[in-house]
Amino acid sequence: MMLAAPVIAVAATLIAGAILFTLLGHDGLGATLEIFVKPLFDPYRWQDLLVKAAPLAMIATGLAMGFRANVWNIGAEGQYILGGLAGTGVALSTLDMTGSWILPLMLICGVVGGMVWAAVPALLRTTLGVNEILSSLMLNYVAIQLLFYLMRGPWKDPEGFNFPQTAMFSADQTLPMVVPGTLIHLGVPLAAAVALTAFFVMARTVTGFQLKVVGLAPRAAAFGGFGAASTVWIAMLCGGGLAGLAGILEAAGPFGQMVPQFPTGYGYTAIIVAFLGRLNPLGILLAALVLALTYVGGESAQTTIGLPSAATGVFQAMMLFFLLAADILVRYRIVSGRAAAASAPHAAAAKEAEPAKGKAVTA
Amino acid sequence: MSLDLLVAILMTVAGAATPLLIAGLGELVVEKSGVLNLGVEGMMLIGAVTGFAVATSTGVPVLGALAAMAAAAAASLIFAVLVLTLMANQVATGLALTIFGTGVSALIGAPFVGITTPTLGPVFPDFLTSSPLLRLVFGHSPLVYVGLILTVAVAFFLNRSRSGLILRAVGESDAAAHAIGYPVLKIRYLAVLFGGAMAGLAGSYYSLVLTPMWAERLTAGRGWIAIALVVFASWKPGRMLAGAYLFGLVMTMELQAKAAGFNVFAPELLAALPYVATIAVLAIISAARRTGTAAPACLGKPFRAAA
Amino acid sequence: MFQTNRRHLLAGAAALGASSFVGLPARAAIGEKKDKVKAAFVYVGPVGDYGYSFAHDQGRKYLEKELGDKVETNFVENVAEGPDAERVIRQLAQGGNDIVFTTSFGFMNPTLKVAKQFPKVAFDHATGYKTAANMGAYNSRFYQGRAVLGTIAGMMSKTGEGGYIASFPIPEVVMGINAFTLAARAKNPKFVTKVVWVNSWYDPAKEADATKALLSQGVDVISQHTDSPAPLQAAEQAGVIAFGQAWDMSKFAPKSHMTAIVDHWGPYYVDEVKKLLAGEWKPSDIWWGMKEDILEMAPFNDAMPEDVKKAAQDIVDRTKAGEYDVFTGPINNQAGEKKVADGEKIPDADLLKMDWYVEGVQS
């Protein structure tokens, strides 16, 4: 049940993609094979997939916890940037020092940076009732400009030929590889650990129950003593903290410095990942790998069959379209029996549709 | 400051504001009906490339603009079916629409890179644009006037017409509107299609008027600014007009200041200003909710008929 | 699921032997003769940008045309600078390419990382400053072209004021502004260059508006260091002269387009691949220009007066002959203080980190 919609979506994407690209004059079948199948048979590509999937999975895990509670944080991109910046601030002020305490401090500051950025929409929502979708989206652009300002101004590498980027991080500030001789850095197992922890939190703890019940039935949650405000705070801080952690892990890992090109849309892609993974941490791990596959496979397809890079985006969008469409099949089977009872002529009826999805996941 | 300079600045402001205004008015109507479509940027790109392709192929830019509206409306239909009929999540679907539009426009546009097109330039005869002041009135692309007329039309529709009242009712309380017997989904479908058509028209403003060419990602993120402006305008067409022209003015004055040799302290802070201002406006209108200027109550939430 | 994947990966990696974790297909070393070379290109933008990446891709096509079946090429476009670039470059090295050209400044550190892992693959990175045992650097003396544009501007401008649409104040751009201004002032000592920073390499609408702002301030020449033809189009509308960037853009502005600096990377690519075929490739750090034919001027517009054409051609000819260098003293800075003594030339090392403006630049 849990896998039905994603499997249908991926299959439909493969078929529709093959047809679409054949119509556009490309080798449609070849394109789908190159993107979705060939990389899976190459052990080296698996390293790329894991490294690319790690930040997506981590951000999506945090977002999904909020989405389950109907808290729509779409500011992960900004929180990711702020996490990276906060950790970079530590790195730049400890460039001349050594010690094994530096990297953990960077990671902690990364988490805090993301949380601080997420606290703004949380505060606005809980005190003034500001829609968090809009406020968190706006903060993404503010974060990008803050990054640009720091890169071109105060944090510019004095020995970097005046190019807008920081100095390279030192060895003590860079993530170690967990499997020596490969590309698998510390962020990869951390992402897996985070997802597993989140799975446990959602399934077994009171906090997880609170997030789910607020999403499913806000009024029931209020009767049960779960405050709406505390739910918003938990959801936003989880999302922001994990996005911030993903940010500093990318900066201290694959980047090894901070550059203006740091944000590459992970915060937005992670929203797709969260939905593709059915808002379930384990599903998200799988979904992150599928999304990573579209990137990695898309690059292969460019070199082997000359498929334009724009094709990657089209595949990703189609996959999400099909997933959201396929959802209805699954959802109706779960909900139809209860719908009549649950739907009072009230907004709660409308909200019912969302949580039903969450229900399908844990079912 | 000479009159010529002043007129030149104001014309640039109108040029920068118009696409934001048109796309923003479309999104405003969509949001008033209770739907949040974050796919504006994608629809604008589809409009831009379609407008360009049709204008170069037929040689008639007006056909290009119309085709742009049709193509972007078609793209918005994907969104509408998913979020309205299938009740998919609006945020995710809107994002997917932007990714889709960016990719598809690049694929369609590949053969049109590096060529030029007939433009949708000023329409009034030359003698009407001979002096600076006349030019300020008559010297624009027809789309600039479309933007102004559209503002009045949307304001009238929302505030004075019965259909507009129903649309707002649907956005404020879909369940109640449904109970009275209004076709909630049909109204939202029409709103989303209108929003798509306007985004397409705004996109074609770039490829047919402001920068008459096609290149990937031609609109460079303006769709997101349009969404921000809807919020900044607190869902009011008149304020949308003011917001779009204010945004155009700030951007133009920044460039003018640089051209005149005044170094702006930190360009990044200025670039962040519209977004900070939007958040501030959000906070203010939410705090003053009793005046009835806050977001439509049903914004972003799916509707399921209770019958 | 994730765990299984990792185990799978580790098993795969182990099976392939610990020594070559990143995957090295059997291939001839750099120093051996080859019958055929496989060359790959990494672009930061889409090949459809009709600017910087487009010009590099024209170089790739030139390479194919010149060397026929001795070379096989492929490319990846729209590659984000950072970890994505590193992954793409590694993938290309694993994919059996003998040489990889990475064409944007932000690819420097990723190229360096991958180069260390693939000693048998040759790498060449454009516009950077780092090299390695198997990684060369190449750049074009774009400023030589800027001097030609400045000469035309100085002679044709009636107001004595030129507008310059600039992206970011990196040395490359600063150098261009200075070369343009110095050459223009050689013809008209009162010439002033007004610079508008748009803080983007590509934002057509903003570039167009910046052009209009400059025009309303009285400039009657437009030059640009951004990638879109929008400034040219705005100049055409206003009836003032302008210059193309990276490629002949006369189609966009048949009346205004006086000439363009054409990035003609082809001969360099041919040279490198030929050396590789002969087994003579070594990492070089080249900074070529008009003399070596990787930079040329687009045909002069017929509207250009004869004396201007002659003067512009004279700069080209003397540059090729090595008799002209725009950065020859006396050169004053913006404050009017002498920075370079009479007859002295600014050394390359100083040019490459240039962060000051010459007299006559208003920025």
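Indices start at 1 and increase along the chain as displayed.
Using N, Cα and C of the backbone, Cβ positions are placed for all residues, glycine too.
Summarising the annotation, TrEMBL assigns transmembrane segment to A:49-67 (among others).
When Cβ-Cβ distances below 8 Å are used as the criterion, the transmembrane segment (A:79-95) is approached by residues 55, 59, 73, 102, 105-107, 109-118, 140, 143-144, 146-147, 150, 155, 166-167, 169-170, 172-173, 239-240, 243-248, 250-252, 258, 262-263, 266-267 of the same chain, each at least six residues removed from its ends. Sequence annotations record features per position, and here TrEMBL assigns transmembrane segment to A:79-95 (among others).
According to TrEMBL, the feature transmembrane segment maps to A:101-124 (among others).
Positions annotated as transmembrane segment by TrEMBL: A:133-151 (among others).
Look at TrEMBL and you will find A:183-202 (among others) tagged as transmembrane segment.
Marked as transmembrane segment by TrEMBL: A:223-248 (among others).
With a cut-off of 8 Å between Cβ atoms, the residues of this chain six or more beyond the transmembrane segment (A:268-293) that come close are 2, 5-6, 9-10, 35-36, 39-40, 48-50, 52-57, 59-61, 63-64, 67-68, 74, 76-77, 191-192, 195-196, 198-199, 202, 243, 316, 319-320, 323-324, 357-358, 360-362. The transmembrane segment feature in TrEMBL is assigned to A:268-293 (among others).
Marked as transmembrane segment by TrEMBL: A:305-326 (among others).
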Examine the transmembrane segment (A:183-202) against the transmembrane segment (A:49-67) and state whether at least 3 Cβ pairs sit under 8 A, considering only residue pairs 6 or more apart. yes
Best-packed against the transmembrane segment (A:223-248), counting Cβ pairs under 8 Å over A:49-67, A:101-124, A:305-326, is stretch A:101-124
Looking only at residues six or more beyond either end of the transmembrane segment (A:305-326), which have a C-beta under 8 A from one in the stretch? 4-6, 8-10, 12-13, 16-17, 20-21, 26-27, 30-31, 34-35, 269, 272, 275-276, 290-291, 294-295, 298-299
